[in-house]
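TrEMBL has this to say about the protein:
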type	residues	note
SIGNAL	B:1-21	signal peptide
TRANSMEM	B:37-64	transmembrane segment
TRANSMEM	B:76-98	transmembrane segment
DOMAIN	B:112-227	domain 'Cytochrome oxidase subunit II copper A binding'
DOMAIN	B:234-326	domain 'Cytochrome c'
Amino acid sequence: MRLIPKEVETLWTLFTAPVVWIAHFLVCYIGAAIYCAKPELVGLSFSAVRAGIAAATVIALSLIALSAWLAWRQWGFGTDDPPHDDPTSRDRSLFQGFATLLLSGLSFIAVIFTAMPALFLTECIR
Amino acid sequence: MGRYFSLSAASLLLASGHAGARSVLEPVGEEAQQIAVLFWVMLSGGALIWLGVVALLLHAALFKRHGMNERSASRIILWGGVVFPSVTLCALLAYALWLMPGLRPFTQAMGSTALRIEITGRQFWWEVVYHPPQGPPVTSANEIRLPVGERVELTLKSADVIHSFWIPPLGGKMDMIPGRTNRLSLLATKPGAFRGPCAEYCGTSHALMAFSAVAMEPEAFRSWLAGQANPAESAGASGGALFLRHGCGSCHFVAGTDARGLIGPDLSHLGSRITVGAGILPNTEDAIARFIARPELIKPGSRMPAFDMLPPDDIRAIAAWLRGLQ
C-alpha cells in the first residue's frame, strides 16, 4: 500500500499520528462539552457519549497503529540504527520514518490518556 | 505606617485566632480524606522515583567508569525512559480519575432532604444563605456551619469577580464565577472550627478574605439554625437606635429592625460569629469598633466608608449592640 508516490518527498506522513491525536482530542472534548451544555439538543444519554468516545478512540488508535506500521516500513523495519544524519535521500527517508514511529508512539499514549476520563465519569457535572 | 501596623496586627490575629486550624493534611471531611491519601501516594511515589534516579546517577558517576554498549543503552532508554514513565503515569492517571466521582458526588446529595447552602463571593466577603429542606431560607455572612455526618450541597456564585471557595480540611477548592453557579458537596466527619480562605486572587484584600467554617453535631446544628431564623435580642438598645440613625441600615440587614440594606454583610447574628471582617479579626467589641471607624485600614479596598467622624461613644455603643446580636 502506498498513498504517496515514493519519489515525492513530503513531511505530511510525519504529522499523521499527531493530527489524529488532535482530531480525537477535539472530538472528545467538544462532543462532551456540547452534550453537557445542551443535553436536550443531542437527545442522548451520557452512556451514548461515552460509547462515542470509545468508538473515536478505537478509530484513532487504529489510524495511529497504521501510521506506525508505515513508519516502521519507511524506517526499513529497524535494519539501520540511528542517527540517520548523512546528507542523502536514503538517510533522510530513514530519519523521517524513525521520527514518525516515535511520534506515533507518543500519539498512541496521548490518545489513551485523553479517553481515560470517559472510563470513570458517568455523568455531566455542572 | 498606620496601615502597615494594622495589617500586621490583622495577620497576627489571623494566625492566633485560628490557632489549631486544620490543614489539608489533617482531613476531617470525606473528600479531603481522599485528597490526603492521593497526596501521600503521589509524594511517596515521587520520593521513590527520585531516590532511584539519584542512585542511578551516583552509580554512573562513581562506579561506572567505562562506556556502555549501544544495545544495552538503547534498552535502558526504552524501559526506563519510555515504558516505565508511560505505565506509571497511566496508573497514576487512572487512580486520580477513579477518585473523581467520589470527590464530586452530586447526584446522591441532590435528594430533597439535603441542606443546601448558597454562598456568594463578594469583594471581600461571603454572603451565606441556608436553604433547609423545611422552613424558610436563613441569611448570614462570613461563617458557614454544617452538620457532621450529613452531606451538604453548596451552590457557589460570585457577584463581582472570580473567587474560589475552599475549606482545606473538608474538601477541594471550587471557583465562584460571575454569571455561573458551581456546585460542591461536602461531608464533615468530625466537629470543629476551620478557616476557609478565598483561593483565587480577587483584588486588593484577597488575602484578607476568609470565613470560618464550623462543623457541628447534627442536633446542635439544627437548633442553631432555628435560632438564626429568628431576630436576635441585644441589650443596649441605644446602640441599635444609633445604628439606624447613622445610616448603617442602608447597607446592612439586621433582622427584626428597620435595617434592610443588602449591599454589605447581613449582621442579624453578628455576635454569634467566631470572627468579624470576613475571617480576619476576633469577634470583640473593640474589633467591631475599629472596623466601623476605619474599614480601609483593616480591609483595603472595602466598599464600606469610614465612620470615624462619629463620636467615639456612638461607635462603641453600636459595636456593643452588634456584639450582643447573638
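Cβ atoms here come from the backbone N, Cα and C positions, even for glycine.
What TrEMBL says about a protein is an automatic prediction, not a curated fact.
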Other parts of the chain folded back onto the transmembrane segment (B:76-98), taken as Cβ under 8 Å at six or more residues beyond its ends: 38, 41-42, 45, 49, 68
Helix, strand and coil residues within the domain 'Cytochrome oxidase subunit II copper A binding' (B:112-227) as assigned by DSSP: 13 helix, 55 strand, 48 coil
Model confidence over the domain 'Cytochrome c' (B:234-326), averaged pLDDT: 92
